[in-house]
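This report refers to the structure that appears directly beneath it.
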Amino acid sequence: MTRLQRLIRIAWVFCRYRLDTFLPLAELPPALRLFFLLAPWHLFPMPKLSRGDRLRLALEQLGPVFVKFGQILSTRRDLLPDDMADSLRQLQDRVPPFPGAQAQALIERALGASVSDSFAEFSQQPMASASVAQVHAATLHNGQHVVVKVIRPGIEKVIRQDLALMYLMATLLERYWSEGRRLHPVDVVADYDTTIHDELDLQREAANASQLRRNFDGSSLIYIPAIDWAFTRKNVLVMERIHGIPVADVDALQAAGVNLQVLAEKGVEIFFTQVFRDSFFHADMHPGNIFVDASTPEDPKYIAIDFGIVGTLAPDDQSYLARNLLAFFRRDYRQVAQLHIQSGWVPLDTRVNEFEAAIRTVCEPIFERPLKEISFGHFLLRLFQTARRFNMEVQPQLVLLQKTLLNVEGLGRQLYPDLDLWNTAQPFLESWMRKRIGPSGLVKSLQTHLPAWLEQSPEMPQLVHDALLQIRSGNPTPRGNEDTLALIEAAQRRQNRRWRHTLMAGVLVAIAAIGVEHNLVDVAREVPLYGWGLLAAATWLVARGSR
């Protein structure tokens, strides 16, 4: 299908479901407004459906690329009204399978060998089929049962075509819709572009799976299937076959005697472990990707599949997120506001008092409910919606996190309606914060960063000198230059003295804190000898530089 044919198809679906009613016609330039007013959709009767259902059905008719985009939009309640987001959550990524013989040919081309050379058995009947790939069962020559995931033929061209049209529509919205500049529809499409292209690279997915498997090696919480790298390529992935009960099949779980409360609480623990311990989380944890190993019903274990979408958080984001959640449950709204500013999520010139008042207005009604009914995901959603009014930039990693948390909460409360997320999460967050900012965290940070600091410290005076020279050469006013440089140099000297004294004090306070909280002899045994050597060297350098 050519791009023009695809555009005509989109226009027809647009007309059929009267999506013209979603357009901000009054804000369009006269020429565009005239075009839309003369367009043929007025000839189509208005479907007797809600606007959310009309949008959902339109996306389903436009095919898998638009379906997946709708699924992502369903998590962006900062962009869509709740009724439309709820409708889009019902979108199903199901498409007819392509022929098994075609899948076999693709696998043979990728592996450079016949299927019979690679596998003892290979089923041409697909186990599952989705928009980007489909899955077949197979058995290796060593007897191991595996699944073979293969990218759908021709999907790259379809994605390229549809993304080009999405970018066009997003650009028009951003240019002519008053809300477009705030909501950044082009950035939304760009994020989707990145996500769907990541899903096309099965070697990337395999690497994600391997990382998660290492992170939870030997864990009683979750099992990650092993990847067979010998048979994995960019468009073919071979993974250990797993057997379990779908997590959404509560009746089957109950029939197997699974302790649903334990299972639900483990789901919360898995989420916080991934986010705060590992900073690497499975970001597509919907029910279709999660199974349960019920071999020990009183201590069930999750099994995860489909690792195409993962999220990561920088250490600063981890810290700010944990402190936000803890401050929220203490009702310390000023700290929540200050943390948003300190993190750079909202502009530095944001008025703290106004931001604090807005957060209080949103959060106080939440506390009228029992803690077990409070949704972390919806709290983050409402918080980010409020922050957007104060020009908060969209943080893709936080959007993924919020989506994942909503999935985890939904699953947990489906399994055990009385699940108290805060009761499960609070000890984890408090323990994590103690480890991060306590003496052991300080020693670990020194071990990590001190070698680099020592290596870079001799270069600092030259770097400052070079920077000052650049400022001098770039300023066209000589006298202003000299005055500015003199002020900067004086400030730099004062700052250097403060930095040395602060670092010296920090080292002494750290040692004192370690001595108060722990036996110094025990700590000395835990810290490698080179760590104390580096600490002593740093102290000597600071003392020497203070002269």
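Keep in mind that glycine also has a Cβ here, set from the backbone N, Cα and C atoms.
Where the annotation comes from TrEMBL, it is an automatic prediction and has not been curated.
Residues Met127, Ala128, Ser129, Ala130, Ser131, Val132, Ala133, Gln134, Val135 are given by TrEMBL as ATP binders; from Lys149, Lys157, that same site also lists Lys149.
Listed binding-site residues: Met127, Ala133; maximum Cβ neighbour count within 10 Å falls on Ala133. A distance of 17 Å separates the Cα atom of Ser129 (ATP binding site) from that of Asp284 (active site, proton acceptor). Confidence across the domain 'ABC1 atypical kinase-like' (90-339), taken as the mean pLDDT and rounded to a whole number, stands at 91. Counting only same-chain residues at least 6 apart in sequence, those with a Cβ under 8 Å from the Cβ of Val135 (ATP binding site) are Pro126, Met127, Ala128, Ser129, Val147, Val148, Lys149, Val150. Take the mean position of the Cβ atoms of Met127, Ala128, Ser129, Ala130, Ser131, Val132, Ala133, Gln134, Val135, Lys149, the recorded ATP site; other residues of that chain with a Cβ within 8 Å of it are Pro97, Pro126, Val150, Arg152. When the Cα atoms are compared, Ser131 (ATP binding site) and Asp284 (active site, proton acceptor) turn out to be 15 Å apart. If you draw a 10 Å sphere around the CB of Ser129 (ATP binding site), it holds 16 other CB atoms from the protein chains shown. Between the alpha carbons (Cα) of Ala133 (ATP binding site) and Asp284 (active site, proton acceptor) lies a span of roughly 16 Å.
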